[in-house]
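Trainee: What follows is a single structure, and I will ask about it in a moment.
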């Protein structure tokens, strides 16, 4: 009798361990699935030339200040007591002084001070810009209502941009055959 009881207890422990292992595997798979749904996905490892080719614009600029934003709270959420207004600010906005233009959309005037916006939401590739610093700033859009940039864009402290990359930027997009430059793989 005791032997049977012992085997029964051992069987229960093995079955419980298997069930726990299965639950752990399901949990890990669900976490990965949720992460991939809301995660920022960029093509890491792109050459400077590839990033320049893919951008709508490229400027050397000084980030002057972050512009405070007012939440745009939808009607349905205005009277809800637990609504955090900060959850309805979708972008950081910055006043940026353009020092040098390397690339821009045709027929768009870029001079003086412009507005650049970057996403605040994690799944949108959050990017905060270093106020008071001179940077290489690339991104997309045409400045209407703002120039867009995110964590996937080539944003780098100007002093850290290599002399070779600075020379490439100053030669302009016409000096590069973008069709010949390899595209990196996407990652999250």
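In case you wondered, yes, glycine gets a Cβ from its N, Cα and C as well.
This is the feature table in TrEMBL:
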| type | residues | note |
| --- | --- | --- |
| SIGNAL | 1-39 | signal peptide |
| DISULFID | 40-125 | disulfide bond |
| BINDING | 40 | Zn(2+) binding site |
| DOMAIN | 40-178 | domain 'NTR' |
| DISULFID | 42-152 | disulfide bond |
Trainee: Please average pLDDT over the domain 'NTR' (40-178) for the predicted structure.
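Mentor: Summarising the domain 'NTR' (40-178) by its mean pLDDT gives 92.
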Trainee: Using all protein chains in view, find how many other C-beta atoms are within 10 Å of the C-beta of residue 125 (disulfide bond).
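Mentor: For residue 125 (disulfide bond), the count of other Cβ atoms within 10 Å is 17.
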Trainee: Between residue 125 (disulfide bond) and residue 152 (disulfide bond), what is the CA-CA distance rounded to a whole number of Å?
Mentor: 7
Trainee: Go ahead and report the DSSP secondary structure tallies for the domain 'NTR' (40-178): helix first, then strand, then coil.
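Mentor: Summed by class, the stretch gives 33 helix, 44 strand, 62 coil.
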Trainee: Given residue 152 (disulfide bond) and residue 40 (disulfide bond), what distance in Å do their CA atoms have, once rounded to a whole number?
Mentor: 8
Trainee: Can you tell which of 42, 152 has the least company, meaning the fewest other C-beta atoms within 10 angstroms of its C-beta, among these disulfide-bonded residues?
Mentor: 42
Trainee: Please work out the number of neighbouring Cβ atoms within 10 Å of the Cβ of residue 40 (disulfide bond), leaving out its own Cβ.
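Mentor: For residue 40 (disulfide bond), the 10 Å Cβ neighbour count is 17.
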